[in-house]
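Novice: Please see the structure below; I have some questions.
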């Protein structure tokens with residue numbers, strides 16, 4: 001007796017269902033799921049895989065997303081704690097790790113998360129040896145270094161989400177001050193994602209008009225309008241959100257989907273993201289920091305050389321020294 005399906009559909013072709021644009025998200029906490037929904041809403045993948053160690057939570061999140069399939073254009077959403085589910089991913093996004101507690105610095109998390117990475121990274125490499133790795137877990141600059149070391153991947157394929165979000169926060173706050181949409185407010189926050197990030201005031205502009213040319217004191221203590229408060233708000237904002245709601249999720253999820261779009265569509269847009277910066281700005285260690293990078297299908301193909309003031313360069317170097325001080329003590 002022919003099944004209903006056989007009566008309805010005549011098959012013309014035995015297909016092997018290999019994904020062409022698969023994305024994996026490791027970690028289905030608030031950040032991982034914000035990344036997942038943002039990626040789904042942007043139609044970036046033909047398959048989305050989720051991995052976590054908490055099996056019930058993982059299955060529940062997968063089912064919840066699958067039930068939204070009618071409203072999405074990603075035909076396959078899968079999950080497992082077994083990394084075989086991640087096979088043949090183009091992009092693997094790592095959000096797993098210990099969460100930052102209220103008042104805890106991102107650097108404090110480091111050894112807890114290194115131990116988690118020692119398990120995750122080799123599994124990713126085993127099943128997707130040609131993928132790009134996008135690290136989101138904090139402290140992101142150090143963990144991007146850790147992922148690079150453990151994976152053995154070339155540095156172009158190991159990317160930290162870095163200051164993409166810090167710069168987005170900066171542009172939003174700048175826009176709020178000026179009454180202009182963030183897209184039309186340009187400014188870059190570079191260096192460490194977190195407390196020692198560096199705002200590049202010389203490049204801050206609207207429509208190519210440098211704000212520093214109008215206010216030479218911009219970003220200094222002498223500035224009557226105290227624009228450096230904008231950068232202070234960027235640094236404090238995550239702590240404030242964590243204090244208010246327990247964690248941050250939506251903005252980082254959107255920021256990660258923005259990076260995923262540049263990679264999956266080979267856009268070659270410039271983003272402030274964490275890359276191996278050895279040889280730039282007088283930095284001689286294997287340190288990952290955010291600088292403007294051209295991002296496309298091969299990951300980070302080029303770095304834009306930003307002209308920094310001596311003070312900005314010194315701050316970048318100090319960040320690098322801080323990070324290296326922690327990195328050289330790590331056990332892995």
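Keep in mind that glycine also has a Cβ here, set from the backbone N, Cα and C atoms.
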Novice: Name the residue among 73, 126, 245 that Swiss-Prot annotates as N6-acetyllysine.
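Specialist: Candidates were 73, 126, 245; Swiss-Prot attaches N6-acetyllysine to 126.
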Novice: From 118, 149, name the one Swiss-Prot lists as N6-succinyllysine.
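Specialist: Of 118, 149, Swiss-Prot lists 118 as: N6-succinyllysine.
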Novice: If I take the Cα of residue 322 (phosphothreonine) as reference, which of the recorded positions 2, 169, 193, 243, 248 has the closest Cα?
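Specialist: Nearest candidate: 193.
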Novice: When the Cα of residue 33 (NAD(+) binding site) is compared with the Cα of each of the recorded positions 118, 126, 138, 239, which one is closest?
Specialist: 138
Novice: What's the most sparsely packed of the recorded positions 138, 309, counting other C-beta atoms within 10 A?
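Specialist: Ranked by other Cβ atoms within 10 Å, the recorded positions 138, 309 bottom out at 309.
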Novice: Check the Cα distances from residue 138 (substrate binding site) to each of the recorded positions 41, 81, 193, 239, 309 and keep only the ones within 10 Å.
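Specialist: Checking Cα-Cα distances against residue 138 (substrate binding site), the recorded positions within 10 Å turn out to be 193.
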Novice: To see if you understand the setup: which same-chain residues, six or more apart in sequence, place their Cβ under 8 Å from that of residue 81 (N6-acetyllysine)?
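Specialist: Within the chain, residue 81 (N6-acetyllysine) has Cβ neighbours under 8 Å at 51, 52, 53, 55, 58.
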Novice: Could you tally the C-beta atoms, other than its own, that fall within 10 angstroms of the C-beta of residue 37 (NAD(+) binding site)?
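Specialist: Taking all protein chains shown, residue 37 (NAD(+) binding site) has 20 Cβ neighbours within 10 Å.
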Novice: Counting every protein chain present, what is the number of Cβ atoms, excluding its own, within 10 Å of the Cβ of residue 248 (substrate binding site)?
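Specialist: Its Cβ shell of radius 10 Å holds 20 other Cβ atoms.
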